[in-house]
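Asker: Mind looking over this structure? Questions follow.
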Amino acid sequence: MNPAHLLVLLAVCVSLLAAANIPPQSLNLLQFKNMIECAGTRTWMAYVKYGCYCGPGGTGTPLDELDRCCQTHDQCYDNAKKFGNCIPYFKTYVYTCNKPDITCTGAKGSCGRTVCDCDRAAALCFAAAPYNLANFGINKETHCQ
């Protein structure tokens with residue numbers, strides 16, 4: 001093999017080894033998904049299209065207690081955005097899960113801690129609220145005005 005090719009191959013291998021040591025930075029939504037599954041027994045997918053407020057957006061009157069959990073979570077994120085540079089959907093944070101307990105760590109009042117507290121409250125609310133299968137996948141245009 002040509003020495004130049006070996007040098008390129010060596011450089012690629014070293015780069016891959018270095019990249020393997022970089023810890024993956026998960027997005028907040030992945031952390032929220034894990035938190036939901038820590039607090040309760042349902043998968044996070046059970047909430048994506050639930051009611052008027054679970055999932056993207058939200059309008060109208062919440063359909064039930066679980067939908068109110070999602071509305072409150074949306075409002076909590078809106079409050080977190082007041083930090084100026086705080087983007088809740090992408091802000092990562094530190095927490096521990098000891099099923100079903102969740103503990104947020106980090107500086108109280110910081111963007112990360114605030115977002116963690118929002119997600120923690122929502123995950124615990126989801127776990128405690130009754131789940132009405134009839135409210136999953138509803139037509140938001142007709143039910144959420």
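Cβ coordinates come from backbone N, Cα and C, glycine included.
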Asker: Using only what Swiss-Prot says about Ca(2+) binding by Tyr53, Gly55, Gly57, identify which of Asp64, Asp74 is listed for that site too.
Answerer: Asp74
Asker: Return the single candidate from Cys125, Cys144 listed in Swiss-Prot as disulfide-linked to Cys69.
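Answerer: Among Cys125, Cys144, the record in Swiss-Prot lists Cys125 as the disulfide partner of Cys69.
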Asker: Candidates are Cys70, Cys76, Cys86, Cys144. Which one does Swiss-Prot pair with Cys111 through a disulfide bond?
Answerer: Cys86
Asker: If you pull up Swiss-Prot, which of Cys13, Cys116, Cys118 shows a disulphide to Cys76?
Answerer: Cys118
Asker: If you check Swiss-Prot, which of Cys38, Cys52, Cys54 bonds to Cys144 via a disulphide?
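Answerer: Disulfide mapping in Swiss-Prot sends Cys144 to Cys52.
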Asker: Mind checking which of Cys70, Cys97, Cys104 has the disulfide with Cys38 in Swiss-Prot?
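Answerer: Looking through Cys70, Cys97, Cys104, the record in Swiss-Prot gives Cys97 as the partner of Cys38.
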Asker: State the count of C-beta atoms found within 10 angstroms of the C-beta of Cys86 (disulfide bond), not counting that atom itself.
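Answerer: A count of 17.
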Asker: By CA-CA distance, flag whichever of Tyr53, Gly55, Gly57, His73, Asp74 among the recorded positions is nearest to Cys116 (disulfide bond).
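Answerer: Nearest in space to Cys116 (disulfide bond), counting only the recorded positions, is His73.
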Asker: Using a 10 angstroms cut-off on Cβ to Cβ distances, just flag whichever of Asp74, Asp119 is the loneliest among these recorded positions.
Answerer: Asp74
Asker: Closest to Cys54 (disulfide bond): which of the recorded positions Asp74, Cys104, Cys111, Cys144, going by Cα position?
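Answerer: Closest by Cα distance to Cys54 (disulfide bond) among the recorded positions Asp74, Cys104, Cys111, Cys144: Asp74.
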Asker: Cβ within 8 Å of the Ca(2+) site's Cβ centroid: which residues qualify beyond Tyr53, Gly55, Gly57, Asp74?
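Answerer: In sequence order, the nearby non-listed residues are Cys52, Cys54, Pro56, Gly58, Cys70, Gln71.
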